[in-house]
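Novice: So that we are looking at the same thing, I have put the structure below in structure tokens.
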Amino acid sequence: METEKKSSSVSDVGAWGMNVVSSVGIIMANKQLMSSAGYGFTFATTLTGFHFTVTALVGMISNATGLSTSKHVPFWELFWFSIVANMSITGMNFSLMLNSVGFYQISKLSMIPVVCVMEWLFHSKKYSTKVKYSVVVVVIGVGVCTVTDVKVNAKGFICACVAVLSTSLQQISIGSLQKKYSIGSFELLSRTAPIQACSLLVLGPMIDFYLSNNSVFEYRFTPGSLIFIILSCSLAVFCNMSQYLCIGRFSAVSFQVLGHMKTVCVLTLGWLLFDSELTVKNIMGMLVAVAGMVIYSQAVESEKKGGIARVTSHSKNSLTEEEFELLRQQGMDFENGESK
């Protein structure tokens, strides 16, 4: 039992580690690929289509070689999920284009309470006071270190609302589908990736043309840009896989809260690698955010132990009652035997 617990803890840490490393890595790669100082590939939606294409190919190869199995999930559920996921991607891109970076960050932070409310509405999930406080601390910390100018307009606000709601619903759906159909994270990803890849490759160029006023078909690919596209797609496989894995093992709320560790890592690496400015305000915000994540982890662990203790206590009480009933029956049998 102890060995299983340690193995589970190692797997949890491995899943989070893979997500943080791959997410930060893909942000760094995309920054070089998409920035004007890099290769100027400003087609984010089409690039996401490339990501899911490679992910779908990896899933097909894995199924063909027997490394994974393809479990049945109704097509309409996969299609609905893919629509929500693509709305999330498109909404985020439009939100970043139409709003200031400050409001974009605020909208991303709002996903934590939105996910909490959705899980409460759809799954009747309740949170302890300590968890609620830790979420507030994380939101304040990340807000302090990332939010600067806040400008918003009607179109940008609508896009931000669509992005937040669809992203929150997508992350909750990942966990729900895994439990409903007893399907693993990679198996679910390999089923949804082809649908997302096809739709994003068709719609992506049009969306990117609207966003950047440039056509991906007129972009001049160079060996350097191709290397970074391949690197970005490779990291995306691990990023997508670890996202499904983390939400399947934990919850959408935990993924959002601890996922802000990536924001801290990106700010730090930006300062180390790209000479980005890191102010006292940024540092103080990061420290508060990390403190909130630590408190959240402790609160969730306490809830788990409390739940296990309640289950164990209930099991013990039930077992005692069964044993008492068995002894009572044996006593009656003994008395009946004597009367005979």
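Counting starts with 1 at the first residue shown.
Glycine is treated like the rest: Cβ placed from N, Cα and C.
Note: TrEMBL annotation is automatic and uncurated.
Here the structure is a predicted model, which means the values were calculated and not measured.
Okay, these came from TrEMBL:
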| type | residues | note |
| --- | --- | --- |
| DOMAIN | 23-297 | domain 'Sugar phosphate transporter' |
| TRANSMEM | 41-61 | transmembrane segment |
| TRANSMEM | 73-96 | transmembrane segment |
| TRANSMEM | 219-238 | transmembrane segment |
| TRANSMEM | 250-274 | transmembrane segment |
| TRANSMEM | 280-300 | transmembrane segment |
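Can you walk me through where each of these features ends up in the structure?
Specialist: Same-chain neighbours of the transmembrane segment (73-96): 44-45, 48, 104, 107, 156, 159-160, 162-164, 166-167, 169-170, 173, 177, 181, 183, 188, 191-192, 195-196, 199-200, 203, 207, 211, counting only residues six or more beyond its ends whose CB sits under 8 Å from a CB of the stretch.
Long-range neighbours of the transmembrane segment (219-238) within the same chain, counting only residues 6 or more positions beyond its ends whose Cβ lies under 8 Å from a Cβ of the stretch, are 18, 21-22, 25-26, 29-30, 32-33, 38-39, 41, 43, 47, 50-55, 58.
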